Amino acid sequence: MPIITLPDGAQRTYSTPVTIAEIAAEIGPGLAKAAIAGEVNGELVDTCIPISVNANINIITSKNKEGIDIIRHSFAHLLGHAIKQLYPDAKMAIGPVIENGFYYDIAYKDTFSLDDLNQIELRIKELIKQDYDVVVEEVSKEKARKTFLDRDEAYKVQIIDEIPDNETIKLYKHQEYIDMCRGPHVPNTKHLRAFSLMKVSGAYWRGDSNNEMLQRIYGTAWGSTKELEAYLLKIEEAEKRDHRKIGKKLDLFHTQEEAPGMIFWHPKGWSIYQVLESFIRETLILNDYKEIKTPQTVDRSLWEKSGHWDKFKEDMFTTTSENREYAIKPMNCPCHIQVFNEGLKSYRDLPIRLAEFGSCHRNEPSGALHGLMRVRNFVQDDAHIFCTEAQIQDEVSKFIDLVFDVYKAFGFESIIIKLSTRPTKRVGSDEIWDKSEKALADALNIKKFEWSYLPGEGAFYGPKIEFSLKDCIDRVWQCGTIQVDFSMPHRLGASYIDENSQKKVPVMLHRAILGSFERFIGILIEEYEGKFPPWLSPIQVIVIGITDRNSIKCKEISNLLMLRGYRATYDTRNEKVGLKIREHTLQRIPYLLIIGDKEQEEGTVSVRTMHGIDMGSMKLTEFQEIINEAISLKGNYKPVPKR
């Protein structure tokens, strides 16, 4: 007689095994209609699975996160059902849940087009309307293998062959279509309503470029039409802000096939990069960091000593010279230890903070490259702090202040903080890990920040704190980190003399604020939609003449502004002034100074902003006060009418 305990503590006793569907029906018709799965003693199960033991249960609906994932997984199977009806020769591979949706990898002789996606989506909608039950059957490995062998589903057979012989396999049946999965899935297609197929792309079977290329159809699915529409609106907004499109439109950068994953910075894009670098450099100087520069290529022996050769060899670019093998550095830390190792260090010298705008190369798969966001060559705002164990908390605390100051300068207010703790495989004693994790947690708690743990997600050499930005359309970008390292200083022979004249190994803190310049600029392009605040804008001011008579004055004012440190230019083309204003507004130039005969005679400029605000006529000195204030606000600048 199973005793069932509900989330509110209420208990129900049954004389025979009972299912989630039956329990939900007893509680009420509304819950019975909404139930899509159950959680039994912490394990997710289908609504039809009998419960024969005492259990704590939770009934899962589309309002639960688990429920949304179940809906998405069920949609993947429904996609498979529709594909096999429309394209019987297609072979189904895998169809997992991903963030905000699902995908299915499919082998098919023809390339799926957008028209094909529309037809598949229509067939899915037709199947949903049939409100059929999804039937689950648990079978032996042998029966599952025969089922898919009979259906000529070679990819499913490959997966089954890797499952231990004594395991059972769940088959989920959508009418004539059969798929396999751990489950659970929705009990009926009536729970599958809000979805959209998004795109199709190529994907290698099992992610291995030596295997055949499959076609991956992506979809999104939600618990309600309202949630789906909100997500599609967010996707539309993200596409509008795509840094690759804006970068091309504003002539900031480009990539090309001859240098995959490498950025060609154009003058305006490089201007943004230089402003960013100068800002970070000034900030580091004020926080007692010493800037260094280390080599791009280093003999493989150093990477073997540091441990990178064993773990990252496949991701490293290498070259040879005079029978020696070199790696183009994928990270800066081993080289920073070489700088620390030059000369004897005392405990009185610590902490030592070494910073570098280090150019790194990593051999990312070509299919993963994405504009500025995922590249093969990138520059990190990298630094390493060499300190004692006792100094960890204080150094972390100072770095947290630094991170928040920098992010605030760009206008980011919502910061998500996570602390990654010790993994199963690690170096260092439990005592050192205890101290380090406590030091990081205490540093966060003293600041009274909200944060959460990522258990087991730390590196093998130490725990870390991750700082992620939430942008204006609620996307999360992981940028800053500070990570404790007990291993590498020891491996590479770093040491200092302590107060007892004994040689000791320093702790090394890896830290970055932006992560990489390329990716952070990509984030900024999308955050600002190319409408950079004046301090970052490649061109801060353009002086526009109304007629040829104003050309000389335009050039004079532009040159004067440049001499005073502003990024200024002029437009004296023989075009209508309205056309010129429109063009430069579309180029997102913050301030447009218009000069006609009246302004030239009065010694004034007429000021407009890229946001369409007419600030009226004023003396150049008055305009300088306005732009100086705007620049001083950095990323917190907001366009306002003339005061």
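Even glycines carry a Cβ here, placed using N, Cα and C.
Per Swiss-Prot, the features are as follows:
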type: DOMAIN; residues: 1-61; note: domain 'TGS'
type: REGION; residues: 242-533; note: region 'Catalytic'
type: BINDING; residues: Cys333, His384, His510; note: Zn(2+) binding site
Residue, out of the binding-site residues His384, His510, whose Cβ gathers the largest set of other Cβ atoms within 10 Å: His384
Check: same-chain CB within 8 A of Zn(2+) site center, minus Cys333, His384, His510: Met331, Asn332, His336, Ile337, Asp382, Ala383, Gln483, Asp485, Met488, Met508, Leu509, Arg511
Secondary structure composition of the domain 'TGS' (1-61) [DSSP: H/G/I, E/B, coil]: 14 helix, 21 strand, 26 coil
For Cys333 (Zn(2+) binding site): intrachain residues, at least 6 apart, with Cβ closer than 8 Å: Ser306, Asp382, His384, Asp485, Met488, Met508, His510
Whole-number mean of pLDDT values that fall within the domain 'TGS' (1-61): 93
